[in-house]
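Visitor: Here it is: the structure, laid out below.
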Amino acid sequence: MLATLQPPRTLSRFPLYLTSRPVTLCTLTAQSPPSTSPPTQPPHSQILSIRHSLLTRQVTAAQLAESHLSRLRLTEPQLKSFLHVSDSDAVLRQAALLDQRIANGEEVGPLAGVVVGVKDNICTADMPSTGGSRVLEGYRPAYDATAVRKIKELGGIVVGKTNLDEFGMGSTTEASAFQVTANPWDVSRVPGGSSGGSAAAVSARQCVVSLGSDTGGSVRQPASFCGVVGLKPTYGRVSRYGLMAYASSLDVIGCFGSSVADTGILLHAISGHDRLDATSSKREVPDFASQFASINLLESKPLKGLRVGVIRETLDEGVDTGVISAIHGAASHLEELGCSVTEISLPSFSLGLPAYYILASSESSSNLSRYDGVRYGNQAVADELNSLYGDSRAKGFGPEVKMRILMGTYGLSAGYYDAYYKRAQQVRTIIQKSFKTALDENDILISPAAPSAAYKIGEKIDDPLAMYAGDIMTVNVNLAGLPALVLPCGFVEGGTAGLPVGLQMIGAAFDEEKLLKVGHIFEQTLQNCRFVPPLIEDDTAW
């Protein structure tokens, strides 16, 4: 039906597209360590630095927690990253307990003292979990999601619940029932979605790392817009227990950090089999931290022999020329690091977007049927049962959620199932085979994370099709169940300091280790690009 690949073309050097929008191409080097001056020093690991500082008594967990709470209080009125912030006294009590354990010589976990944000569709027992929806306003779960429980057991301190598009349905965080989150790089622009609050919180250093969820790009696109690292793991790598279901065959819990190392450490902390989630994998979780070598230990060609495929369809018409230039610059740098870079074609790539929206909407229409005001969700006052159901859902759900429920119900209805849902599943199989063939011939695939940088708040709110089209770079990865890493690779014009552009790296199933290794080396050899938003650039504590 569809050929999976066209013959690759070796690209010795990628051309830089001329564009009317100025582009900042970072200085990239694989052979010399970066300057020690702050503007060019590449990110490493806040988590490892925090651990070292705590164990050597240079700083206390209480001081670190207070520092993040202070920055959060300072920046939150502009950003609105959080729907709920933990009580300051409770956060400082947790930090003080960690300090006491360290003073007593007790062992503390690898996330000790690390301040973590959690997307509000991930359940937490000690604070509200609304999914960004009025239907769950005020809801407090009786349990922690498995990922949250693991973070707490390893010493992490949850500072609050981050904003999102309602039930994860959106690409801008404008579909939240409570507030609109702003981008730290330009507060007039969106942070992406649906995990926009989690991305903005890490970008503004309101927390060290954060959890998001990714159904069709909801970790990776906000990471690109906010200039942070975002990781969507393989389906099954992380337990979904406690994640509010949107599309169960696509949903995964993902990670945000200001560096690849922090993101990998967080992923290791939350990964592994969970008897409470039948879809979680029993595969052994590798030590991701072993891939994070210092730049001073790198060879001149540290990625020699690595085969990288650039997906041709992701650099076609409809993608901003500034984004294309940034991706070409990143591909050239991978060549300088020793990679063999070729252009590949995935003819089925364009089929992913319509297939995704049929499948995701169909699954959401089933999953969200539970919110009827009787079994789950806030209940409307009504005299008759059908009115109670109808009013509870009409008042509880926002317009985007209602639209997707209607689309999904239509696609699953008698007479239309074969034409829509069944065909979408067949396309999904084609996409999975296409990626497998490509990854048999390449170690990783690369593409932009989004067709553009962050756009203005309200710019696409009245044009849902344009907003959906922005997911074209990411949805295929969810349909195939593969891992993908997004990290900043350059800037395009916009705001007061430019707008970040994200590079997406796609790997084979359960090969997050390779993605983290390549991403870490790429990041460590990136110079003259400081991915700290202007909102906090004067804050020397970042």
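The backbone N, Cα and C atoms fix where each Cβ goes, and this holds for glycine too.
Computed from a predicted structure; not experimentally measured.
When I checked TrEMBL for this same protein, it listed these features:
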- Lys119: active site, charge relay system (ACT_SITE)
- Ser194: active site, charge relay system (ACT_SITE)
- Ser218: active site, acyl-ester intermediate (ACT_SITE)
- 65-516: domain 'Amidase' (DOMAIN)
Visitor: So if I measure Cβ to Cβ from Lys119 (active site, charge relay system) and keep only same-chain residues at least 6 apart in sequence, which ones fall under 8 Å?
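Guide: Residues satisfying the criterion: Lys161, Thr162, Leu164, Ser195, Gly197, Ser198, Ser210, Leu211, Gly212, Ser213.
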Visitor: Are there any residues at least 6 positions away along the chain from Ser194 (active site, charge relay system) with a Cβ closer than 8 Å to its Cβ? List them or say none.
Guide: Gly132, Leu164, Asp165, Gly168, Met169, Gly170, Ser171, Thr173, Ala175, Ser213, Thr215, Ser218, Pro222
Visitor: Relative to the Cβ position of Ser218 (active site, acyl-ester intermediate), how many further Cβ atoms are located within 10 Å?
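Guide: So the number of other Cβ atoms within 10 Å of Ser218 (active site, acyl-ester intermediate) is 36.
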Visitor: Express the predicted model's confidence over the domain 'Amidase' (65-516) as a mean pLDDT, rounded to an integer.
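Guide: For the domain 'Amidase' (65-516), the model's average pLDDT rounds to 97.
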